[in-house]
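Colleague: Can you read through this structure? Questions will come right after.
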């Protein structure tokens, strides 16, 4: 063996030095001077593996220095190994993995000894990754693999490892050769088949061996095998695609995006906490998209409690819905006049909520931040529930009980899983560089006008880019008149990271005077451009081009597909491409220079270099149209051509605006390095190819008629081709990685479908196939890792490319290990769980494979007629991209694919979208122009190329058409057996179906069967002389697909489309034998699709038989004469149609219910016709439907021949007809039972009679059959004794313990009522860790179901089934108006039982067997019966608001038969969660009145009341059910009190009746509290206490114990309905499928012929209890001092204390003022008195008040009991200053400190850790508590302390001991001993002078006085001295 590498040429070398080439393979390096063409040769010892690499490096040679590397070329040798000879030319890459201009051409040959190259690895066997320990137990052998030809050891490992034998489970494959330590394994390359010749040599293997054979074969291979390790490869040989030349068609026809759907968003704002700011009046605003709703305003609190519920309704497409931003903001002091100041906001997109489990967040805290100042941190928290419901989603509401308020805010933040609780601010930079290829946005008329005025021809578009993210918009500048605008701007968003908005919308828009229009839209999904793992990376993108798609490019004034440009629906044409990049920078908010606002900024930035975007390469796209059929008849009369475009290349009709850069390149007019290369290369081609011109459309051709609906183009042997050259940056690597992952995912999906199919059809061993699937997955992943690791060295251009590759490698390595781990855990019983796990892998793979950075745009095929674009198909470029490594090649590259064209945009919705516009058989190849050597290799062989230009040197010009010389003639036989569950297309609720089969250009039709949804055509259609082109062997493995369309025949007008299925025929060549195992073919089910929805199944088989040289004589004969009755119609031949057996079907006819009018006439004398496989039975006629709608004869039967295989059983049809006068019949409605399996009788060894096997028969039949005799003996041996189950005892012990802790709170029996039982049950339901409200030992509980009771008891259809009857056309998904509800015209009640004949005689021998009743023994009679129905309605939750104010005024309405009770006067004002607590008694007669409707209406003062929602309950099924749903069995038996036994029958009577009815031995009561029923012994208490405390003996507890465990009784046991409350969703017919709230209720029923029941249980709502809270404020201390003294500058405060109970701000009370406190001490002795109503069980205060002055009546609010105390500084002329506050939750608040010293701020900060007390238990508390407030840094600080005493009294106690407010009578408090300075200065000026001045300035005053005296004396002296002097002088 040897590998030869021949170095042809190296061109474009820089510099002038000598060159050296270094070629390395398997570590052997050869160096040679590059002077001449050289050949390197390696002798190879072991086979070359497809994963190995060849590396060639070229150096500049230097004698002195080291050689300088010019570039490197690396190549994976897979293609070489397969094809043995390959020629490659490619560019080299330098050290930085950037492509350089130097290119290299080499030729590689691989010679093996046996010349078998390519065979062993013909796509079937892959190397198992190296595992010395034999960890990989690979055992799957592909279903399709041929012989393994010498799969030797892998190169990394010589054959010395011990021959570890691998067990191999083989499916239709000969013994597989095992080589040393090598697992045989079906390749990940999707389905390469073995060659035809091999097939010939091999002879025919059985395609499907029976399982025993398989096991035997496996045994023979592997000795004893552990069945738990066996694994299988693909099973669905016929349906999976086996070939190499064709790829699977896409089945789904209709675009699902873009269609509007109903959504309802409900938000409950519960409360807010820790809001920044003091004493604020907060309002919460809830905003979804453009809609805003506000809560009410709460005064002076920063922890308001709202509990308000808001609902937003939308009808928009899902994409628009999920991108809407949901924003919660808190606003301070908003009122009518001012908008208020924003405290903080929180936002997330609706999609984030929808992707949560159950589509909701429940009781979570949203963290608020300030968008204007990001440095501030958290601004508070809002607690809310958010749910998003789409049509048909049902939301499970976690049960609402009393909220325990120990809320751990940090642990319950409103964030999705995996988002860190500490989110940081970040900058999102979106850089917009340039765009190209924009379409014209003005009409050419406008252009001419402009040209006339301005005199120049400008580009007709003024583009700018708009980016929308997290509810904010940023725009670039507008570039006037440019098809190639350059912006170079960056848009900066500031948002929390990780953001809760998943998508960023980037849109190119055209600026226009009138209105701006979108040109194209692209969404960047942030999850795809980042990774949050520990080795993850921040969002990063590009610089990369994104392609935008939308409407077609020809500009019209009113673009009908404008929505497509907005990003709704699938774009139908390329619009433009935009170069962008993105980056995220996490901000350090503490730094000073940061911009603190979150406004969007736009900045200019420098140009980007061309090299950063990637290297331009020339790509070549080739396509060939092999067939164009099924062309819609509307366009069949005009000539048709097809146009293919990639980007703007190939687009001829719309006037291509080629990017100037590209046109320049074409002209060779660019001067930079990059274009030189392109210029040269294109010139070279110019010489050799006569400058290749693209041919992008096929010649015009007139279609030929196929049948009434469709035409086809007569291509026959001449197939038109197209080819396009285009230039794109070379980022193939991205697409290659996607392709590898996509292929792994396809393989996995196919495997999972297999497993589901095996489970569904109950074939044995699904676990083996699942193991095979996991092996394939593991190997596929490891293969990706090997390929990708080689790429890691040559990583992509952008950061995202590198990071994505790393994370994909990590994920897939991880997946491969998990697959290995799960594989070992797959056992028979774990298959379904593991299947779910593996499905997550599939989603993950699809997610990873979706490449966010585009490279080559998608390819569009348009069908053109009359120069108009009619229909299109869009093919992703990656699917047809070529690579020399097989896994990297696109799945449709070089293969023939059936492509269906559809109408663009909205035209494609609904019925128009289902009709195929055309079906093409297309061949595509896209790759680099220089790799285009084998672009034709995948075509069916046998053609000659027809080129446009003839002449020498034109070898490489692609052909414009292919001419096939080879053609094969076939006969197709379509065996159309039957279809089931078809769509109802007629107004009768049925259809008249026929099927039309299309194959190639032929079509045929089955006969029409009238009025059925389950037609059995049993018809063979023969297509003669079908001509197919290509080689015979290829056609054998790879026939074209067959399309089957099913229509409904209408008498007038054209047939209506019902659905479409696809199939592949089984092909027989003329030289093959027609016989087992492949022929005759088996019938198979094919799924019928109508748009995207499944619309039934088709049971058929198809065979394609080659007509050999001998003509049709060789074909297997067509059996039997044509059918006499049906004319020349051929039935399905014997070997293909199923084997039939005789069955008897017994039908129980019970009655008809709720029949609606037919053609305005009431149904009076209905009859039921049952039909199955052509046989049937009619019920007795109901003589007067109004008087008694039940049948007089209960059981009838008929016999019928049905297939042995249960899966092929035809459906059973139920039809109801009304017998009118003169022998006329009218169809009322019909129902098709698609599967009879649940009605198959299991035989006596499982259960004696169907009636006694209540509800369990379906379950039992599937378990393994056990002989009853054995069972009986087992039971009698071990008389099983049932004690109270351990859990119950543990529970009791637990409760005991709790009881000891809380001895003092044990309530007495009188305090307990039904509500205490209810709340205790909810507590257990929620499994709340905190102690229940009442921990009473004797407290009993009931079961609270959070859904309908029917869900837990199989709809009470244990023996009586309800079948809905339908009439009228079925609605489609888009047709929201018609629902199944609207089509329902009534219900048939009854049942079936089918069994094979003859039946064993044991059944009829049983005692009391009534032959008239057949299998329905022991069924009650169906005569009318009078029943007392008692309906209890507890409460409703989450009602949909019905009034403008966002509330409703609900009341109950109950309707049963003609009785209707409207409880209108007891409506509950303005409540969405009303507690009704009511019971209603109605007398009814079954069966006439058996449907109970409970509705909730909204009371309106004027106008009619609106229905909020209703629920319907079928009482009859409950009444007759074996689960005994008449009156729930209580958990304990009690004769008095709130828990008294409700049922008129005592437990002993019930038990005796049950035992008698089900023929069970018992009950036998024995001593010591034992009771025995049917070999089971139960133990329980035997004493009961009456009201007076006397104890009596009783058996009731024992009987009750048996009833609670009735399901354990063998043979007849079933679960009995316990005492319960059920929660039922309320629905409104106007809003189908969306819940309008829920109602909690239950129903009791008592027959009137029994003793009457007692009075109804009292469940009226608890009245709140009146309490009075007295708060005495004794003193304050250390209150901060606010005021400065005018005279002295001293700090002081005028203190007063204010208090109120939460929710009653208007009743706030203030103490008097303690003036001028200098130390912060204040003395008050002041009493506040707060009366309030309190609900103990819910821990809420109840307040009733009018919402506003306009309100009609009072609204009731429930608010947590919280006392707020605040300390203030009084000011006379300005507003008072708030100093601090404390809020005490009266149920749990910290105990006050003994002294002021011990009181600290920790009592508030560490509230969670401190022991708490409840005022409701303590009654009286005194102590010191701290006042706190926030400083400028938003830190909590201590602002004072208060000594207070809280005293709680009931209203009665308060009345006996009245007290006065403040210090008033009665019981006055003494005056506080305040220092004298606390007075008002102007009241007592002298005192104030004394205090203010004398105290402080006494010495100063004295000094001043003495000084003044001195000065006075001096003055007097100076004044009088002159007089004295004169006197003296004059001597006077």
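Cβ atoms here come from the backbone N, Cα and C positions, even for glycine.
Please treat TrEMBL annotations as automatic predictions, because they have not gone through curation.
Note that the coordinates shown come from a computational prediction; the quantities given were computed from them, not determined experimentally.
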Colleague: Which range, 1874-1896, 1897-1919, does TrEMBL list as transmembrane segment?
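Modeller: Among 1874-1896, 1897-1919, the range TrEMBL annotates as transmembrane segment is 1897-1919.
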Colleague: Among the residue ranges 1267-1287, 1288-1308, 1309-1329, I'd like the one that TrEMBL describes as region 'Disordered'.
Modeller: 1288-1308
Colleague: Average the pLDDT scores across the domain 'C2' (1126-1252) and report the rounded value.
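Modeller: Taking every residue of the domain 'C2' (1126-1252) together, the mean pLDDT is 85.
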Colleague: Report, as numbers and ranges, which residues of the same chain sit near the transmembrane segment (1897-1919): CB under 8 Å and 6 or more residues beyond its ends.
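Modeller: For the transmembrane segment (1897-1919), the list is empty: none.
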Colleague: With the domain 'C2' (1651-1800) as the reference, find which of 409-540, 1126-1252, 1410-1528 contributes the most Cβ pairs under 8 Å.
Modeller: 1410-1528
Colleague: Do the domain 'C2' (1410-1528) and the domain 'C2' (954-1079) come close, with at least three CB pairs under 8 A (pairs 6 or more apart in sequence)?
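Modeller: No; fewer than 3 Cβ pairs under 8 Å.
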Colleague: Counting by DSSP, what is the helix, strand and coil composition of the domain 'C2' (1126-1252)?
Modeller: 11 helix, 56 strand, 60 coil
Colleague: Residue counts in helix (H, G, I), strand (E, B) and coil for the domain 'C2' (954-1079), per DSSP?
Modeller: 6 helix, 61 strand, 59 coil
Colleague: Let's see if you can do this one: DSSP helix, strand and coil counts over the domain 'C2' (1651-1800), in that order.
Modeller: 3 helix, 78 strand, 69 coil
